[in-house]
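Beneath this line is the structure, given in structure tokens, with notes to follow.
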Amino acid sequence: MDRQLLMPPTLPQFALLCALRFVDPLTFTQIFPYINQLLHALRLVNDPANIGFYSGFVESTFAFFQLCSIYHWARLSDLVGRRPVVVATTFGLALATLLFGFASSLPVILLSRALAGICSGNAAVLHSILGELTNSANEAVAFSTYGLFWPLGSIIGPILGGALADPATYYPRLRFFQNSFFRDYPYFLPSFTTAFFAFVIGALALALLRETLPSKQALPTSTSTTTAAGTTEQSSQSLNVSPPPRVVQPPISLAELLSYPVLKRLALSGALLCFTATAFDAVFVLFCYTPVELGGLSFTSHQIATALALAGTSSILLQITILPPLLRRISRARLYTLCMLAWPLTYALVPLLNLIATRGSALVDNVPMPSAEGARGAGIEVLGMPLALTQAPLSLTLDARPLGMGLEGGVDVGGVGAGGWGEEGPRLTALATYGLWAGVMLVMVLSRVGCLAYSISLVLVKQNAPSPAALGKANGIVLWAMCLARAGAPAFVSSAFAWSTTHRDALPGGAASFAWLSVMMSVALAGCAVSRGIERAVAVASKGKGKDRAMLGLGLEAEEEEEGRGVEWEPVEAAREREAYVAKVKAWRERKGVTVETQTLLHGSEGEP
């Protein structure tokens, strides 16, 4: 990690920022393993195949209200500062998540998700803080590290949701959970746990988070010198040192920001990326929960949590080991396009999982299933855990049998899990079981490669924001577009999935059960096409800025060489660097009589975005 990132006070602030980023996915994803069971328990539908309509509606409520709030939080943070917005929204998210734990009706569920969505609109503010804490020297490591806290939250959230949901049923030996409260509110525990964590992080932000908005930061006007006789203050004037003048930049309107081609393409591409990724996260849970004969995998909630944890783990490894060196070796825009290409391949592999489950299934009748103790006694263990169905909640439950047990027609039988509707699900051959989980892992890894585009998008927005004062709004525009897609994606894809399963016989061989895939493949391919346009737009913008800055850089470098000191020319992106750069150019201009407008220094040439 870059030394500048490790030096205080940047490191504590960066760590706190990562913790704040972690809160959003933690509270958002903790409902995924049990949301279908919760809605099914409310008896909203008679046909379980239609539950996807309601689960998508609940998940889209969160994103819709985040959409309504995200740009306004970003604009407010440009006016009052980043810190008050972040602190208030983090506490609000904790309260909204706690409310979800007490939900026993659909209106309460929707209300809690709406409040959580409003408070999660602080994402653009967090991105702006990151841009103001970092510079071009450490952004590769900083943005990669920051980016892994979303997948990390996506790991911990489903694990907590799957492990803590309905404790009265899953942990009958623990007397603490055997009471009417946990029977009436079976999903209070995961909501309370994640809400408590959000409250703690909010308290830390209130106490420790510093303001990063340049216009809200105080500039030093004096220096202090401690001597044996005491402390004496010397004014900047007596030392012949004055603080750099603060550049007052006129506010940039929304229409002006949208006139920048790179930002427009980033917003459109971000919307397609978020639609593709959010739809996958939502539909994959539903796909796993759906019975095999309807085109799914018949996974239990614990097995769904395991699959989601695989996705988060692979994302963390990719963010730590792969993304930083790639950011140093490949242009940001090109790397963004390469990551977008992973999504069509991800969706193309999904039906193969159901094919493995269908071809490898062998329904077992009247064959006793070994318990965990029986499996352990027979010596059937992996990593010290017995391979029995749903006995190890967070393990890869393969439901294997000792050789010679559970044979039907000479076929050694494994299993997937209990059917999502409370019925006994199909059993798989051992080979098919291993193949199925290998396929799940491959699909999860590819989807996380596609999600690396999120981190790269942050860097592209920072590099192409017209000025530091507009960084919050620029992040707000791109994230607003993402949240627009995020609001509609779960409901759309869940409805499409439900329609496909209920009309699976519309095409020969039940092929209509995967009709939703054709739509998502089209969206993923469109995202790839738009990301290719970003490469061209960034190249044009960089070429224009390079000409203007090279002209000024040559003049500054000549001045510095006359004084015996060389200057290393690099993009000025952080607020302090931009201000120092403009102040230095103005001073050089006054000495040389060169006329260069401040807007040109910050934006590049007049004709470029």
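Glycine is no exception: its Cβ is also placed from the backbone N, Cα and C atoms.
The predicted model assigns the domain 'Major facilitator superfamily (MFS) profile' (1-536) a mean pLDDT of 76. Per TrEMBL, domain 'Major facilitator superfamily (MFS) profile' is recorded for 1-536.
What TrEMBL records for 53-73 (among others) is transmembrane segment. Only residues 6 or more beyond the boundaries of the transmembrane segment (53-73), in the same chain, are considered here, and those with a CB under 8 A from a CB of the stretch are 28, 35-36, 39, 44-45, 85, 89, 106, 109-110, 113-125, 278, 282, 286, 473, 476-477, 479-480, 483-484, 486-495, 498.
Under the heading transmembrane segment, TrEMBL lists 85-103 (among others). Within its own chain, the transmembrane segment (85-103) has Cβ neighbours under 8 Å at 20, 23-24, 27, 30-31, 38, 73, 76-77, 109, 111-113, 115-116, 118-122, 125-126, 129, 185, 187-192, 194-196, 198-199, 201-202, 205-206, 209, counting only residues six or more beyond its boundaries.
Outside the transmembrane segment (109-130), and at least 6 residues removed from its termini, the chain residues within Cβ reach (under 8 Å) are 14, 17, 20-21, 24, 27-28, 38, 57-59, 61-74, 77, 82, 85-86, 89-90, 92-93, 95-97, 99-100, 103, 142-143, 146, 212, 458, 461, 471-472, 475-476, 478-480, 483. According to TrEMBL, the transmembrane segment annotation covers 109-130 (among others).
Annotation source TrEMBL lists transmembrane segment at 142-165 (among others).
The transmembrane segment annotation in TrEMBL covers 185-209 (among others). Residues 12-13, 16, 19-20, 22-23, 26-27, 30-31, 34, 38, 41, 83, 86-87, 90-91, 93-95, 97-98, 100-104, 157, 160-161, 163-169 of the same chain lie 6+ residues outside the transmembrane segment (185-209) yet bring a C-beta within less than 8 angstroms of a C-beta in it.
As annotated by TrEMBL, region 'Disordered' applies to 219-244.
Taken from TrEMBL, the feature compositional bias 'Low complexity' covers 221-238.
Per TrEMBL, the feature transmembrane segment maps to 266-292 (among others).
Annotation source TrEMBL lists transmembrane segment at 304-323 (among others).
According to TrEMBL, the feature transmembrane segment maps to 335-357 (among others).
Taken from TrEMBL, the feature transmembrane segment covers 434-456 (among others).
Summarising the annotation, TrEMBL assigns transmembrane segment to 477-499 (among others).
Per TrEMBL, transmembrane segment is recorded for 511-530 (among others).
Between the transmembrane segment (477-499) and the transmembrane segment (266-292) there are at least 3 Cβ pairs closer than 8 Å, counting only pairs 6 or more residues apart in sequence, which means the two stretches are in contact. For the transmembrane segment (511-530), the most Cβ-contacting stretch among 142-165, 266-292, 304-323, 335-357, 434-456 is 335-357 (pairs under 8 Å). Counted over residue pairs 6 or more apart, the CB atoms of the transmembrane segment (142-165) and the transmembrane segment (304-323) come under 8 Å in at least three pairs, which marks the two as touching.
Most Cβ pairs within less than 8 Å of the transmembrane segment (266-292), among stretches 304-323, 335-357, 434-456, belong to 335-357. Using a Cβ-Cβ cut-off under 8 Å and counting only residues 6 or more beyond its ends in the same chain, the transmembrane segment (304-323) has close neighbours at 29, 32-33, 144-145, 147-148, 150-156, 158-159, 161-163, 284-285, 288-289, 393-397, 440-441, 444-445, 447-449, 451-452, 455-456.
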